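TrEMBL lists A:14-99 with the feature domain 'Cyclic nucleotide-binding'. The domain 'HTH crp-type' feature in TrEMBL is assigned to A:148-219.
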There are 2 protein chains.
Amino acid sequence: MGKCEQCIIKQFNSLKSLTKDELVRISNCKTSYTIKKGTVIFEEGDAVNGVYCVKDGICKLSKLSENGKDQIVKMVVKGQLLGQRSLISDENSNLQATALNDMEVCFIPKSEIIMDLQKNPKFSFDVLKDMAHDLREADDIIVNMAQKSVRQRLAEALIYIHDSFGVNPDGTLSVLLSREDFANIVGTATESAIRVLSQFKKEGLISTIGKQIKIESLDGLKRIE
Amino acid sequence: MGKCEQCIIKQFNSLKSLTKDELVRISNCKTSYTIKKGTVIFEEGDAVNGVYCVKDGICKLSKLSENGKDQIVKMVVKGQLLGQRSLISDENSNLQATALNDMEVCFIPKSEIIMDLQKNPKFSFDVLKDMAHDLREADDIIVNMAQKSVRQRLAEALIYIHDSFGVNPDGTLSVLLSREDFANIVGTATESAIRVLSQFKKEGLISTIGKQIKIESLDGLKRIE
DNA sequence: AATAAAACATGACAATTATCATATTAAAAC
DNA sequence: GTTTTAATATGATAATTGTCATGTTTTATT
C-alpha cells in the first residue's frame, strides 16, 4: 500500500500542510480501496467517521428534496477531500455521496484528523481556507438558482464542468453525466434539461457522441443571457 | 469603551474560545461604533480588513445578480461575526453587507484575528465549526431554491425569521423587512412576493400591521406543500 | 398640512418551466 | 441475438412565475 508521505495527490489538498511525522502516522491507519461507479459512499443522516482523500475518479454530493428529486450540490474530484464538513461539525452528513466513476480513495479515520486539526494550526487554517472557498461557491450557486433561467444555469454548468474537470482526447467532457444528473445540478425537470441540451445542439453550441457531450463554442455558451 | 473580556456578546460566537490575554489584546485595538440603518458596511469586491462583532442589530449579506436583483444569502444578527470568510480566504468579499437596523458593532482588524487563528487551535476550530454550519445552511438553501415553489420558499423564510430572530411583544416578527427584501431572500420578483404574502393573509396564516408581519399559524405555514 | 416619493397592492398578460403521454434509441440481461 | 429495461427525445398542455401597467397606501420632505 502507498504511503501518504510520498503520495502526490496530497499536494492538491490540505493534507500538504501536515508534517512528515503526521503523515506517517496517518499513513499507518488509513485504508485505501476502490469504489465502484454508482456506489453510495455515504447517505444523508449517516455519521461519517473519517475523511476520504480522492486519488482517482469523481463523486457527486447531493441532497434529496421532498419532491423526490436529488439536488446535486457539489462534485468532488481527484485530489480533493470528501467528508470534511461532517467531520468538523460533528453532525451527521446532510448530503449523500455517490461515485460517478470508479474511484480510488484513501479513508482516514476521524480521530486522526481531529488530532491534527487541534495540534497543527497550519493544517486547520488550510482546511478553513478550503471551506471558505466552498462557501463562496455555494453563495454563487444560490444566486444562480434564484436569479437565472434553466438555459443559463445549464450553460454555466457545462462551462463549469469543462473548466474544472477537463476534456477527453476527443474533446468530450471527461465527466460523463446522465441527463438526469444535469437536471439535478441545474435544479430542473429531466425533460427540461434534455430539451435545453437539444436546443444547444441545434444552435451548434455543443455536439454529442452518444451520452458524451463536446462543447463546440465555449464563447457561445458564455454569451447566453 | 467596553472591554472584550467582559463583553457578554462574545459568548455567542467563536471569540469565546480566546484566552483572557488574547481578548485583552483584541480589546485594545478594536473600534466600537454604530451603523445607521441602510448603511452599506462593505460591498462586493471590497477588501474587508477585519471582522465585525455584532453587538446589536441585524444586517443582510447579499449578492448582485446580472438582472439587477440583489439576492440575500444570509442574515447576520446580534452575537454573530460578520466578515469571517473574506478574512480567511484572503480574497475580496463576494457579498455586500447592508444594515437592516441601526447596529452596534466592534471592528477587529484582520491582523489581530489572523494571529489568533494561527496560534490558538481551539479558536480556529471554533471558526471552522461556524463555517461548517454556514455551509450546511447554504446547501439547504440551494436545494430549496432549486426544488421548491415561491410559495413554499416564502413560507419557510417566514418560519426561519420567526424561529431564528424572534418576535416583538405584540407577536410581530422582530426583523422588519420590506417586501422587496422578502423577494430577495426567496429569489423572486417583488410583485410575486407581495402576491404570496397577500394570499397568506387571506388564508389566515399571517396578519399584518402596516409593514409588520405576525405569524398566526406556524403549523399552517409548515404544512404548505 | 400639503406635496412628493417610496412602498405596497392587484390585474392582465407573457414567458418560463413542469407534467404527462408517447416515441425512439441505447444499454443490459438473458 | 433477442428480449427487457432504462435512458433519451419530443409534443401537448397545464401550472408557475415574471413583467408591465396602474392604482392605492404609507412614509418622508418641505
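Each Cβ is built from the backbone N, Cα and C atoms, and glycine gets one as well.
TrEMBL does not curate its annotations; it predicts them automatically.
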Please list, for the domain 'Cyclic nucleotide-binding' (A:14-99), how many residues fall into helix, strand and coil according to DSSP.
20 helix, 36 strand, 30 coil
Residue counts (helix, strand, coil, in that order) that DSSP gives for the domain 'HTH crp-type' (A:148-219):
39 helix, 11 strand, 22 coil
Averaged pLDDT, computed only over the residues in the domain 'HTH crp-type' (A:148-219):
95
